[in-house]
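Participant: The structure's right below; bear with me while I get my questions together.
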Ligand SMILES: *Cc1c(COP(=O)(O)O)cnc(C)c1O
């Protein structure tokens with residue numbers, strides 16, 4: 001990043017500088033946990049819905065940051081410099097807008113509902129030899145991501161490619177002011193995020209605002225509504241429109257598209273000349289994206305005919321970074337998105353959030369950089385060294401030559417195969433491993449060695465969606481309301497550690513587990529936030545205390561036993577406990593006639609401290625039972641008042657679960673307990689459902705396809721007989737994997753290539769069969785058991801149960817894989 005000094009920055013963002021103005025800055029931080037190398041860094045204290053960066057100034061300072069952009073400067077920092085502004089996020093954007101104006105080279109602004117990142121990355125794959133490109137890292141395309149992306153522009157660059165993404169009306173104008181594109185590229189306009197817009201036209205109008213000042217616009221002329229709106233637009237009607245499509249009016253006219261098993265040949269007509277190119281993809285989206293890229297080359301006055309080979313070698317973009325359990329109690333972070341310094345930085349940050357003492361890095365040659373090798377690997381080493389890896393493995397002939405720059409125990413190999421020849425499983429031990437490399441090195445061979453279980457049947461957990469769902473719930477809460485997240489039953493079946501770690505990293509206040517062993521497991525994996533055990537068994541009190549887990553205390557008997565245990569273990573400080581009130585669930589809890597004795601025990605008791613008082617609703621998800629909720633909450637109010645007044649304490653008061661947060665947010669008290677909602681499910685509250693994203697997807701692959709004739713039968717008991725020529729796909733999952741047998745005999749369905757296939761015959765222990773007669777598919781194709789289609793809600797309906805049961809039933813032998821975008 002280009003350097004600024006604090007005087008300049010204060011002037012640009014119209015802030016008040018307190019401190020020295022000649023300090024140089026060239027690194028931006030906004031999350032104090034991400035600070036590894038503070039040199040020339042500045043910390044922006046953003047004030048979000050729940051989190052306030054001002055609470056982390058001390059942490060940032062301790063990590064070496066001396067420059068801050070804040071709303072109000074604290075007075076107790078020695079030797080630190082502050083710029084005070086009204087709104088630090090705005091200030092960052094103002095800085096980006098100013099920075100953008102320093103450059104006159106072409107800037108491509110890409111927007112659309114799908115394909116932004118792929119088109120951006122493909123343009124980079126096509127053009128990196130020809131230009132010094134600056135582009136958005138990963139999918140940084142929000143109000144904030146776009147600003148950070150733009151601030152990376154440097155003098156040496158000569159082409160910018162940036163994404164702009166919107167989710168709400170009226171966001172695009174600001175993105176336009178930040179990115180200031182000179183060439184506009186519009187990818188597919190779909191239904192994504194439609195929920196926040198009136199209709200598709202409104203989306204188009206909003207997206208087109210990115211192009212208010214472009215000289216040229218690239219788009220698909222086949223979208224008639226879009227084309228019409230562009231022709232009627234004051235500015236866009238006048239500029240150079242470069243389009244593709246089947247009509248004669250398109251700049252690039254599609255002549256023919258021919259796909260075989262692996263490639264697609266695309267013939268186009270442009271300026272009366274025919275041109276044919278091939279891409280190594282056969283899906284419709286890739287074909288369209290390649291046409292967008294080709295059309296964009298025309299907008300840059302580049303002779304696309306010279307790029308045949310580059311098109312032929314386009315690589316798929318792995319959008320997601322995977323976090324997986326690895327052998328010997330290790331964690332594997334697999335990030336093969338692409339190999340450039342920016343995405344390496346993101347991978348390093350994710351690794352750094354894994355609470356493992358030992359950290360290792362596997363890094364390959366970095367392709368697609370037009371720095372000299374010396375410069376490139378010096379910068380790589382400068383980025384990597386502050387993380388103090390215990391071990392680094394370098395793979396590739398180039399990077400190996402720069403082994404001496406890396407300050408760790410370093411081994412180097414010319415190829416992945418050479419590394420695997422000497423690789424020994426027993427040398428991996430309780431560590432976090434980042435695999436970061438470019439495609440040609442086939443690091444998946446290493447990840448296959450490191451993963452614990454096979455990959456065919458997987459429960460995928462999208463941690464990004466988890467956080468987005470939490471933020472949807474947070475938007476219903478007051479900024480001061482605390483958040484407890486329920487991770488009992490292995491986080492509703494999704495696997496406890498990764499989910500808990502993500503929650504911890506996102507600043508939730510408490511975790512809730514069912515039994516002490518679940519809490520113990522989290523503590524052993526490095527989770528440090530307060531954990532409440534909802535159902536502490538008497539035999540587990542010792543574990544509970546040893547691992548600083550906080551018990552739910554629901555009766556006088558339990559209270560006395562727990563105090564006795566504290567005495568036995570000679571715990572001298574007041575131990576936090578949580579009192580559960582019975583108000584109408586009739587499960588666990590103190591009744592009103594317990595209160596006198598409860599108060600007597602707790603009065604002047606120095607062994608326990610009542611940290612919270614709570615209750616649980618029986619009918620929060622049933623609108624017709626609102627009266628009962630009110631009855632419960634009123635009874636709870638009284639109980640809380642009685643106890644807190646008698647003891648003269650004000651513990652945290654909480655009652656609401658996920659549906660409660662939606663329906664009774666006026667009774668959120670001091671804290672809420674979020675469970676099923678964060679996994680993306682809201683059953684009785686349709687209007688919430690559309691804001692939530694499915695966190696969990698259960699997928700497998702087709703093992704075999706067989707064709708059977710009329711009269712032939714399928715599976716045990718011959719419960720399915722073919723009535724016509726039928727194509728049957730066998731899947732490698734069965735009731736031992738958590739697929740209930742009652743989904744068989746035509747009741748349930750699975751998703752294959754966008755269609756639903758009916759489960760035929762009896763579901764076996766480890767296998768099941770589905771009817772794919774009318775579904776184009778082949779052996780090895782992916783199958784969705786539940787996820788986006790069918791959804792958990794569909795399976796819930798077929799089984800006549802609740803989503804909680806569907807989620808928690810997936811067997812432990814199905815591997816959990818975590819994704820972050
Ligand atoms: C499981 C649980 C919750 C969360 O319930 P959801 O309906 O999943 O949101 C809240 N409180 C208690 C006491 C629980 O046991």
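Glycine residues also receive a Cβ, built from the backbone N, Cα and C atoms like all the rest.
What TrEMBL records for this protein is below:
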ACT_SITE  488  active site, proton acceptor
ACT_SITE  716  active site, proton acceptor
BINDING   587, 765  substrate binding site
DOMAIN    695-819  domain 'Alanine racemase C-terminal'
MOD_RES   488  N6-(pyridoxal phosphate)lysine
Participant: Taking a cut-off of under 6 Å between Cβ and any atom of ligand 1, tell me which of the recorded positions 587, 716, 765 pass.
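Facilitator: Those recorded positions that pass the cut-off are none, since no Cβ is under 6 Å from ligand 1.
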Participant: For the C-alpha pair, I'd like the distance in angstrom between residue 716 (active site, proton acceptor) and residue 587 (substrate binding site), rounded off.
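Facilitator: Spelling it out, the Cα of residue 716 (active site, proton acceptor) and the Cα of residue 587 (substrate binding site) are 42 Å apart.
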Participant: Near residue 488 (active site, proton acceptor), which residues of its own chain have a C-beta under 8 A away, given they sit six or more steps off in sequence?
Facilitator: 512, 513, 514, 518, 534, 675
Participant: Could you give me three numbers for the domain 'Alanine racemase C-terminal' (695-819), the DSSP helix, strand and coil residue counts?
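Facilitator: Across the domain 'Alanine racemase C-terminal' (695-819), DSSP assigns the residues as follows: 23 helix, 45 strand, 57 coil.
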Participant: Does DSSP give residue 488 (active site, proton acceptor) helix, strand or coil?
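Facilitator: Once the DSSP labels are grouped into three classes, residue 488 (active site, proton acceptor) ends up as helix.
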Participant: Near residue 765 (substrate binding site), which residues of its chain come within a Cβ-Cβ distance under 8 Å, counting only those 6 or more away in sequence?
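Facilitator: Once residues fewer than 6 apart are set aside, residue 765 (substrate binding site) is near 734, 735, 736.
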Participant: As a test of the contact definition, list every same-chain residue at least 6 positions from residue 587 (substrate binding site) whose Cβ is closer than 8 Å to its Cβ.
Facilitator: 616
Participant: I'd like the number of other C-beta atoms within 10 A of the C-beta of residue 716 (active site, proton acceptor), please.
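Facilitator: Cβ-Cβ neighbours of residue 716 (active site, proton acceptor) within 10 Å number 12.
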